[in-house]
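Okay, structure first, notes after.
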Amino acid sequence: SFVAGVIHPWRVSAFERLLWRACRGYLVATFVEMPEPMEDPATGESITWVIFLISYWGEQIGQKIHKISDCFHCHVYPYPESEASRADTMSGLQSQIQDLSVVLEETEQYLAQVLDKVVLALPTWWVQVQKMKAIYLVLNQCSFDVTEKCLIAEVWCPVRDLTQVQDALRQGSYKSGSSVECFVQRIPTTESPPTLIRTNKFTAGFQSIVDAYGVASYQEVNPAPYAIITFPFIFAIMFGDVGHGLIMFLFALWMVLYENSPSLQQASNEIWLTFFEGRYLILLMGAFSIYTGFIYNECFSKATVIFPSAWSVATMANHSSWSSAYLATHPLLTLDPNVTGVFQGPYPFGIDPIWSLATNHLNFLNSFKMKMSVVLGIVHMGFGVLLGVFNHLHFKQRHRLVLELLPEMIFLLALFGYLVFLIFYKWIKFSAADSLVAPSILIHFIDMFLFTSNAENLPLYPGQVPVQTVLVVLALASVPVLLLGTPLYLWCRRRAPRTGHPTAVGTGEQEPLLEGQEAGNSVNVTKEDVESGGHSPDAEHLDFAEIFMHQAIHTIEYCLGCVSNTASYLRLWALSLAHAQLSEVLWTMVMRNGFVRLSYAGGAVLVPVFAAFAVLTVAILLVMEGLSAFLHALRLHWVEFQNKFYVGAGYKLCPFAFAPDAWE
């Protein structure tokens, strides 16, 4: 008789040994590996099974073989005795295999057709499922009313969008066939409302710069509209070059013109997306850089002669003793503006191009740019202080106009505003004829704080010392007013007896809404609490010591900041000088050598020289210097400008939307 089956390859040796010992050799066993691996129905593992066929003699031997096969977890199959039965079994198995193959093939074709249809509908299903998840996520944040039949949602909503919300709820109730109509009712609250600043593709870049410092407090003055002009202008002061600004402008203009291109919008490079989102900011920075480049009269470090120079070398040569021997011994010649006809008046726009040929042009530009940086810095800080007027008036804190804003302006203008006055007064009063006796502004400014006068440094105008003494006294007198004014006012106002009751109203740009009002959820607060975002100066929880400490920190920070911030604006001078010198070095070391040191082969060699000049210009002057100027302009806006009036302690309004960021 025969026993046929399959066994795991790991058990073959032990199985064969045990069969031989148990049956004492009364069998013939044959083992063959399967040509292809098959899956184990119990574990799902793919195994190359071993087929065995055992021929034995006697019933007892057969029983032992079957028991041993069961112990080794062999899969035993019936083996017909006759040749005809085995042939019939083989043909039956072959036909069964063919039938199963046909069924599997048709099943795979059907599944492929179903999946092809699913692929077309899958994006729609995905959107529907995600929208349902987002909707239920919001519904889970709602609360039931007393009857547990209506949902109550407390949300923030802009006042100008209330009508749209009411219409949407009305349409939703009508389309859903609900018997209970949804309604909206305002409720007052003591929580600070979120801040919503509506932007478009042009203003979004500037608003993101401000939000990186801090989101505006509720109904606070937003610096972003003013930064649209001041930020590119301050950047351009440090990046002033017509050629570099034109390249930056054209690059940004290309992004603006093709902003709807999917390849630009869907790029995966994070650095590229940063540039693309700030394309309008880069556009204005390039345009302002072209403007300041014309003022500096620099185009790739070379001056442009748009108008004829106001200096005449021929007139100087005709009215001086420039003989051949004098010219041979003096490689440098000086143009004297006191000689009639040598200097014919100021250049129509910007710096005279003749300064690019002068050996002392660096000294001239240093003086000009340093004073320009101080003037622009003080104007910028003064504008920031004045913007605080809108905050004080809007939040009904008129006492801060007298007790904070006025001392701040007196301190700033009495010291540093007077410095600006001295700069312009010296420019106007002293000409080339008496420039050698012009006094030093820096020494006058130092003597102003020391309450002294220097006999060697002549006064700029009669009565200068008394005027400076009065200004310093005013500045010093404004410090205790700034320090003690607001705390004493609030302390006296708190001790005064109160009359009347607060009114439970809620007005403002953004209000909380309640869908289906429930009694007990309303909180009565004053109008000032709601408008100032819960930060009313008369809030009971504010302690006098806390108010005084806050005001002391503000006073110290402002007074010391006026000095340090004014010095900080000198970075405009330093970065502008560094950009001009790097541009000049790049031209001298690369392009000038390509023009001068190449003889007949210059035309062919000039191509790689220009390529190197272009690569270095883009890599160093546009990318590295542009990033440096951008960061310095960012610091001047955050620390020197916004610090004067901007608190930035709010949080953004995050409305419900089907955008992925809302529910992922």
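Numbering starts at 1 and runs along the chain as displayed.
Backbone N, Cα and C define each Cβ position, glycine as well.
The shown structure was predicted, so the numbers you read here are calculated from the model rather than taken from an experiment.
What TrEMBL lists as transmembrane segment is 233-258, 278-296, 374-393, 405-425, 432-451, 471-492, 598-624.
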(Q) Within the same chain, where does the transmembrane segment (278-296) have neighbours whose Cβ lies under 8 angstroms from its own Cβ atoms, ignoring anything closer than 6 residues to its ends? I mean 6 or more beyond. (A) 201-202, 205-206, 209, 228, 231-233, 235-237, 239-253, 255-256, 259, 304, 306, 349-351, 365, 576, 580, 626, 630
**Q.** Same-chain residues near the transmembrane segment (374-393), Cβ under 8 Å, at least 6 residues beyond its ends
**A.** 220-221, 223, 226, 230, 234, 237, 400-401, 404-405, 408-409, 412-413, 416-417, 419-420, 423-424, 562, 565-566, 568-570, 572, 636, 640-645
Q) Which residues, given as numbers and ranges, are at least 6 beyond the ends of the transmembrane segment (405-425) yet have a Cβ under 8 Å from it? A) 371, 374-375, 378-379, 381-382, 385-386, 388-389, 392, 441, 444-445, 448, 460-461, 468, 471-472, 474-475, 478-479, 481-482, 485, 558-559, 562, 566, 644
Q: Could you tell me what the rest of the chain brings near the transmembrane segment (233-258), counting residues at least six beyond its ends with Cβ under 8 Å?
A: 264, 275-276, 279-280, 282-283, 285-296, 298-301, 304, 372-373, 376, 380, 571-572, 575-576, 579-580, 583, 617-618, 621-622, 625-626, 628-630, 632-633, 636-637
